[in-house]
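Features reported for this protein in Swiss-Prot:
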{"type": "BINDING", "residues": "410, 417", "note": "Mg(2+) 1 binding site"}
{"type": "BINDING", "residues": "417", "note": "Mg(2+) 2 binding site"}
C-alpha cells in the first residue's frame, strides 16, 4: 500500500466517522431531501454583482443556495452548483450550534445555505450562513484543491470527478449539448422529421465496418449492434417520409484512437428529390448557422489554426486532391482515371509511396488509401472531397459522366473526416450487384465489407425517389467547437480497458 493510498484511506475513515455522527442526530439517516434550493450562483452574481456593500446591506436580500463545497478558507466556503460558484460565510453572528457543525464540513460535501446576501471586502458576493444543512457527506476527498486532475486516464475513468474539478470539461460537454440542440433545431427548421430506427439489426448494413455481435435469446438468432441507420432511414423515404433525420449511437467493433471510439454519435439524414450537391449546400448553411448561433462568429480556433465555417467551402475530387498535395510527384501529376482503374498501376504507386497494402484492395480502395496517406491530413479548412470510386461506395449513385466514380463526397475539417454524403443508389438491380460484390469481398478477407440485405432490395423494388443522404459525426464536430484533439475529451464515458 502506497503512502498516498494510506493517507486517502485515513481521510475516508475520518469522513465516515463524521457521517456516523450526523446520522445519530439526523432523522434522514444523514441524507436529508427536504432543502428548498431557490437560487443559483450565476443568477445571483448576474443580478447583484453590480451593487455596493452598503446597497446590499440596505436591500436585505435573502437567498437560498445549494451545491458542493470546493474550498474552505476559515469562515468562508466556496460553493459550486451547475451554474457557477458563490461563497458562504460562517461569521460571528452564526448560531453556536451551526458554528460547531461547520467544523465537520469537508471539501466535497454538498450543503444547502440560506441567509442574507453580502459583499466582502474583496468585492465577492457571499451568503451569510444563517441556516445551513448538510445534504450529502462526501466520503472520498477531491483531488488536491480544485485545480483539476492531471492524469488523463483517471479523468476518463472517473468522469464524475473530472466534471467536479475541471471547468474546461464541464464547458466542453455543455457545448456538446448546445451543438446537438442547434443541429436538431436547424433540421426541424428545414422540415425534416426526427425518427428513431432499430439499434439492433438482424443484418448489419449502411457502412463498411466490423459489427458487434450479440444473441437474442427469445428469437434464438444472432443480432448486430447497428453500424449505421442508413438502410432503415431509406426504407422510410420509400414509405413516403421525404425528409427524415436521426441523432443516435452507432457501434463499430474497431480500434481506439484520438478519432475513434467504438460507440459514437451520428446525425444521419435523408431528403427526397435532392442530390449530393444539395447536401453540400445544406451542410455549409448548417455549420455557418450553428457557429454564428453558438460562438457569435464563423471563425473558431483549433490548435494552431483558425477554422472558418463562413464558406464557401473548397470542393475537390479525390483525384485532384491527391494531385494538389503531391505537387512534386510526376506519376501522380499525370495520373488519369484510366490509370486509376489499373490495379497493378495503383499497387505500384502505393508501394512507391512507402505504403503497406492488402492483397484484396481494389482500385478504389487503393485510391482512397493514397488520398488518406498524402492529402487528408492537410485538409484543415472545411473541404468537400468528391469523386469517390463506386467499388468503395456500394450505396451511392454512379456519376452520369464517369461510371467509375459516384455522386458522393466526404467532408473534412482539421485533417479528419467529419461527414459523408451522396446521391443515393435507387436502382434495385445495380444495388443487388453491388451487394453481391461486397459478399465476394468479405469472402476474400475484407471483414468490413457489407452483408447482402434482401429486404432492402425489396424496398428499393417498391421505388425509392431520387434521394440524397448524409451522416455527420457529432463527436468530431464537437471536437472542433471545443478545440479538443482527442475524441475521449468529448464523450462523457469513453471506452476503456477494464482495470485489474
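Each position is counted from 1, following the chain as shown.
Glycine residues also receive a Cβ, built from the backbone N, Cα and C atoms like all the rest.
Taking a C-beta cut-off of under 8 angstroms and a sequence separation of 6 or more, residue 410 (Mg(2+) 1 binding site) has the following same-chain neighbours: 384, 385, 388, 417, 419, 420, 421. A strand conformation is recorded for residue 417 (Mg(2+) 1 binding site) in the three-state DSSP classification. DSSP classifies residue 410 (Mg(2+) 1 binding site) as strand under the three-state reduction.
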